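S.K.: Below is the structure I would like to discuss, written out as structure tokens.
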Amino acid sequence: MKPTEIKKPYRMEEFLRPQMFQEVAQMVHFQWRRNPVDNSMVNASMVPFCLSAFLNVLFFGCNGWDIIGHFWLGHPANQNPPVLSITIYFSIRGLMLYLKRKEIVEFVNDLDRECPRDLVSQLDMQMDETYRNFWQRYRFIRIYSHLGGPMFCVVPLALFLLTHEGKDTPVAQHEQLLGGWLPCGVRKDPNFYLLVWSFDLMCTTCGVSFFVTFDNLFNVMQGHLVMHLGHLARQFSAIDPRQSLTDEKRFFVDLRLLVQRQQLLNGLCRKYNDIFKVAFLVSNFVGAGSLCFYLFMLSETSDVLIIAQYILPTLVLVGFTFEICLRGTQLEKASEGLESSLRSQEWYLGSRRYRKFYLLWTQYCQRTQQLGAFGLIQVNMVHFTEIMQLAYRLFTFLKSH
């Protein structure tokens, strides 16, 4: 359904659609289906997770063995630090998706239950705007992944086909897609180049699919929470305290429903943060390290093809780190909007009972919902500047040594 063609109510599945490359590669880690018994959302298959686990164990097992051999036995290192760091970054997010898969399915069902089923109520909640934002972002990710991804994968292949000097010459690191180490020297053997490149392509597709799935779930969940908080804030603004003087019993019945909904949304915000907090803590700092390596690589080369290959993941790291921090700020502001709506009321015109309740309610609303990780970080724009500063410090350290 296009955002300009509002003909029927939106369904949760429309926000959770995978990208085309994920479907072609059979890397849709959450295959959302409706349970015919209770109409709940379920993940129909675990096969993509199993395939991804096999690829990750093989890739990191081989590279881990090579790293151990380098530090303990003094063997030459075969790693490509920028690529290895971003594969770790993607795989951490994939591991989080697997470990939190039950919580993710449960949370999606929580959001699905809160979404109204009729179009009029959805428009009142401004779900059309939420879907429009999702659709614009989905198209951007589709263009970027289906153009930038193939370019990143094809550049090493083109370098090998155009510049490799012969079958007796080992494959150089810049001619490999991911680099690293594989048994029996097959990674550096030109006779096995296409086989190794195909394996790297599968690992790359797996990692990008992890990243896209994580990104879409994070943003869809955040968009729905902001939508619900905004709708509740408008309901707060519509409260007329003077009605507590005419029909106090009915007034407090309606008020109780609003407070219960606020408590429900606060609980959903906490569950949302619990799902992603470990990924925030680990992957953001790994992302800073990855960004440092990419900046170092770009500053040390003058090859146009290599610059073109590595500029894309650099922009991805900066852009998506910025967006995650921006989403945290947006959620915090949406939560603060509840308190702002209350403070704009003419509460002093209400009954004595309401005035007492209003003071307690205002104190409760001051507890804004924030994204963070174990009290160590707060995911907002300040955190984005901290990550960029950390990446710059690491970059200057590498340049000085």
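Using N, Cα and C of the backbone, Cβ positions are placed for all residues, glycine too.
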S.K.: Looking at Lys399 and Ala25, does Swiss-Prot assign them to the same side of the membrane (meaning the same named topological domain)?
M.R.: no
S.K.: Cβ pairs under 8 Å with the transmembrane segment (278-298): which stretch of 27-47, 192-212, 304-324, 371-391 has the most?
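M.R.: Looking at each of 27-47, 192-212, 304-324, 371-391 in turn, the most contacts to the transmembrane segment (278-298) are made by 371-391.
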S.K.: When you check the transmembrane segment (27-47) against the transmembrane segment (304-324), do you get at least 3 Cβ pairs under 8 Å, counting only pairs 6 or more apart in sequence?
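M.R.: Taking Cβ pairs at least 6 residues apart, the transmembrane segment (304-324) and the transmembrane segment (27-47) are not in contact, as fewer than 3 fall under 8 Å.
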S.K.: Which bits of the chain, at least 6 residues beyond where the topological domain 'Extracellular' (164-191) starts or stops, bring a Cβ under 8 A of a Cβ in it?
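M.R.: Residues 59, 62-63, 65-66, 78-80, 83-84, 87, 153, 156-157, 197, 199-201, 203-204, 303, 306.
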